[in-house]
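S.K.: The GTP binding site feature in Swiss-Prot is assigned to Q11, E71, G144, T145, T179, N206, N228. If you look up Swiss-Prot, you'll see E71 marked as Mg(2+) binding site, on the strength of similarity to another entry. Here Swiss-Prot flags E254 as active site, drawing on similarity to another entry. Under the heading site 'Involved in polymerization', Swiss-Prot lists Y450.
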Amino acid sequence: MREIISIHIGQAGIQVGNACWELYCLEHGIEPDGTMPSDTSVGVAHDAFNTFFSETGSGKHVPRAIFVDLEPTVIDEVRTGSYRQLFHPEQLISGKEDAANNFARGHYTVGKEIVDLCLDRVRKLADNCTGLQGFLVFNAVGGGTGSGLGSLLLERLSVDYGKKSKLGFTIYPSPQVSTAVVEPYNSVLSTHSLLEHTDVAVLLDNEAIYDICRRSLDIERPTYTNLNRLISQIISSLTTSLRFDGAINVDVTEFQTNLVPYPRIHFMLSSYAPVISAEKAYHEQLSVPEITNAVFEPSSMMAKCDPRHGKYMACCLMYRGDVVPKDVNAAVATIKTKRTVQFVDWCPTGFKCGINYQPPSVVPGGDLAKVQRAVCMISNNTAVAEVFSRIDHKFDLMYAKRAFVHWYVGEGMEEGEFSEAREDLAALEKDYEEVGAEGADDEGDEGDDY
């Protein structure tokens, strides 16, 4: 089996996790208590969904996941929520004091105490797998737990499971909306280790998703639940090929191979279509070409950055539902002729497509309409650098005055770590610039390998 372990860290990671597991359960017909009426082969672990769920002897399906937070309130909601019987109590790990929006607390002081317990639980999950394929890590980098403990866990996973791939779903601070003053510090410090310790990181930002909810779903004041349900659709689409037997399957390691041209250039944009409310769905024809065009629209991107300002290096299209390869090929051919979708000149093909015949499910009473077919795109575009330069700029404004730095130093960090992380990000911006530059002939020494 090719199992995947999901790790949800901090408030954002846990709440996105709730939305994801709710959706997975719906898709597989698993009840909130973990039973699966349709599963005839009880105890046989050969079904495709066993990549995400482990099956107990009594026929209960338990998510291969852990939820970690440094303070209990958010995890207590899981412990008392409608899916409380789905998880083993040991999978929900909470501390007593939170990271107070401070990377250093999450990474050094408070996080240190809980990280061994987390790794212990991960080890138990891993021992339960026959062929662990990798980890999905969910966190936000603006707060303290997601950024600090998130980085710490990623670093430790690299040590313990060096060869396994790690996919991050990372919520980045939005340009306008902010939940903490020190977001730029936490993000820069955390990205420093995301660079090293994740193989693919999908960037999400709340503001972009708010806008999609407002515009496409007519929700005037979107809540986190609305946002997370949209995010969970993306994550579900990415993982359908692992959880169902499909037509053209896309494996986690395949993502890496097809999306990451150079190890550091692994920050992805994602988009999903059709995002449409039930009232509108009746009146629109959502054909394969239409939804394919929609995912390339700048307004569909789940992070605030404009793909037209950059060039695509690669993109992965995951279709699900009533889709045949012929339609996909036609739609992709049309996209290639568009001038707005520009590829770097050293990567002319750039499309990886997957199709899964399982139609998209929606949460009953949710905002999204039930549709016949949907597509999710994960793309590697040089415009992602906009996200970093925005955060770097805010970081510089504060760091020039050393504002708030004493809180970090007081928790055992050294000032040098700030400048080290900041330099790493400056180098990353530069990397993106070079990758998107016209022609690769200015790097003469690299062309001689052929």
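Just so it is clear, glycine is given a Cβ too, placed from its N, Cα and C backbone atoms.
For the listed features, I'd like the structural context: burial, neighbours, distances.
M.R.: Residue environment of N206 (GTP binding site) contains 24 other Cβ atoms, counted within 10 Å of its Cβ in all protein chains.
There are 19 other Cβ atoms within 10 Å of the Cβ belonging to E71 (GTP binding site).
Around the Cβ of E254 (active site), the same chain contributes K352, each under 8 angstroms and 6 or more positions distant in sequence. In the three-state DSSP scheme, E254 (active site) falls into the helix class.
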S.K.: Comparing the binding-site residues Q11, T145, T179, which residue's C-beta has the most other C-beta atoms within 10 angstroms in this structure?
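M.R.: For the binding-site residues Q11, T145, T179, the Cβ with the most other Cβ atoms within 10 Å is T145.
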S.K.: Excluding near sequence neighbours, so keeping only residues 6 or more apart in the same chain, what lies with its CB under 8 A of N228 (GTP binding site)?
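M.R.: In sequence order, the residues whose Cβ lies under 8 Å from that of N228 (GTP binding site) (at least 6 apart) are Q15, V16, N18, A19.
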S.K.: What same-chain residues, at least 6 away in sequence, bring their CB to under 8 Å of the CB of G144 (GTP binding site)?
M.R.: G10, L70, D98, A99, A100, N101, N102, F103, R105, G106, N186
